[in-house]
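Peer 1: I am attaching a structure below and will ask some questions about it afterwards.
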Amino acid sequence: MIGITVVFLGLYLWFTTFPGRPAGDAYRYFTEGDIVSARAYASASRMVSAINFSVELSFLIWFTMGTAGRYLSDWCEKVAGRYTLSILLYFFILWVILRIINLPFSLYSGYFLQKQWGFSTQTLMSWWMDYIKSAALDLVLSATGVILLFFAVNRWPGTWHITAWAFISLWLVVQTFLWPILVEPLFNKFEAAKDPQIIAMVKELADKAGIPVNQVLIMDASRRTTKANAYFTGIGRIKRIVLYDTLLKDYPEDEVRAVIAHEMGHWRQGHIVKGLLESSLGILIMLLILHTFMKIDIHFNGSYPPYLWAYLTLFFVLASYIANPIYNYESRRMETEADRISVMLTEDPNSVIKLQVDLAKRNLSDMSPPLFIEWFAYTHPSTMHRIEMVEKIKPPSE
Ligand SMILES: [Zn+2]
């Protein structure tokens with residue numbers, strides 16, 4: 001797994017450093033200036049994430065495969081006295097170390113890079129507030145997960161992975177329900193769309209798509225960024241389309257209509273449920289592999305040492321990196337489906353294309369990234385691939 005990860009990381013670094021020229025088609029929609037600044041911004045972001053991952057991975061390999069991780073494990077068992085406490089102590093120390101390693105990179109890409117390129121509308125103080133809130137949430141949820149996991153591996157050493165799989169799958173469903181209601185409001189305000197034009201637009205598209213109108217919410221994204229976006233969340237009866245206020249402020253009506261139609265495409269194709277089922281299958285495969293590895297690597301005599309947590313962390317970091325292209329391939333497939341439906345619902349391919357061009361210009365998206373980078377890291381097809389798909393449905397008008 002380390003070998004595969006290093007190959008992917010090496011290729012990612014190579015294509016970040018030498019991205020080559022964008023596809024010639026990009027010049028039909030973008031100026032040389034657009035293309036150059038999008039590339040520069042993308043290269044800086046990619047470089048930060050690649051270096052961050054390299055540092056984190058190097059540390060985890062050294063810590064887990066060397067003696068430090070086992071030494072700390074013995075120390076925690078001695079100091080804590082009680083088993084559960086020793087697990088929590090070990091988890092907490094590793095959590096803090098990883099936070100410290102990642103913090104400068106998060107701060108740079110989440111704040112300074114955004115300021116430098118004129119996207120951020122945040123103060124440094126409010127960035128820190130966000131960071132602390134999300135770190136606290138992560139700490140509490142992860143600690144709970146660790147306790148449950150150690151309980152399961154010790155209690156059912158032969159079959160814990162099946163229990164863990166059922167539990168994680170259930171958690172994914174709960175999270176999909178609860179995240180938009182409980183967690184997102186900690187970071188942003190959401191208001192029902194009041195603009196009669198938007199409401200009429202949603203109703204028209206929803207009728208055409210044959211789905212009941214539910215909630216269209218406007219999120220105050222402008223408190224952090226000038227970038228525009230929209231997304232779709234919820235499951236069962238709670239289905240919501242969330243539009244960034246930046247989208248409504250900076251984009252013309254026909255493009256907003258194309259965004260809503262795209263989100264309805266996700267809705268109509270049941271992408272949330274499909275995504276959940278596929279994630280659940282992916283987790284099962286990961287856990288089956290992990291279970292096999294653990295039997296070979298870690299000695300079990302009644303209870304696992306805290307060290308198991310370092311081993312699992314390294315495993316999940318590697319496994320999720322390797323699974324990236326599979327996950328992203330599937331995500332891009334769904335995005336293409338939603339784009340196709342947006343053309344069908346709006347009956348206006350030109351505004352769908354115009355939206356892509358405007359989004360890329362304003363968000364400085366690399367419209368035509370190196371193919372490896374798109375294959376490995378892009379959850380959405382690149383701008384030029386999205387435009388080409390729409391053009392195939394209908395040839396561009398002159
Ligand atoms: Zn989408």
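Backbone N, Cα and C atoms are what each Cβ position is placed from, and that goes for glycine too.
TrEMBL: automatically predicted annotations, no manual curation.
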Peer 1: Write down the one residue from GLU184, GLU191, GLU330, GLU335 that TrEMBL lists together with HIS262, HIS266 as binding Zn(2+).
Peer 2: GLU335
Peer 1: State the non-local partners of the transmembrane segment (87-113) in its own chain: residues 6+ outside its ends, Cβ under 8 Å from one of its Cβ atoms.
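Peer 2: Distant contacts of the transmembrane segment (87-113): 41, 44-45, 48-49, 51-52, 55-56, 59, 63, 72-73, 76, 79-80, 120, 122, 124, 127, 131, 135, 139, 142-143, 146-147, 150, 306-307, 309-310, 313.
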Peer 1: In whole Å, note down how far the CA of GLU263 (active site) lies from the CA of GLU335 (Zn(2+) binding site).
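Peer 2: For GLU335 (Zn(2+) binding site) versus GLU263 (active site), the Cα atoms are 9 Å apart.
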Peer 1: Would you call the transmembrane segment (47-67) and the transmembrane segment (159-182) in contact, using three or more Cβ pairs under 8 Å, pairs 6 or more apart in sequence?
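Peer 2: Contact absent: fewer than 3 Cβ pairs fall under 8 Å.
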Peer 1: Looking only at the domain 'CAAX prenyl protease 1 N-terminal' (30-189), report the model's average pLDDT.
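Peer 2: Its mean pLDDT is 94.
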Peer 1: Cβ under 8 Å, sequence separation of at least 6 from the ends of the transmembrane segment (134-153): give me the contacting residues as numbers and ranges.
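Peer 2: Contacts with the transmembrane segment (134-153): 84, 87-88, 91-92, 95, 99, 160, 163-164, 167, 183, 186-187, 304, 308-309, 312.
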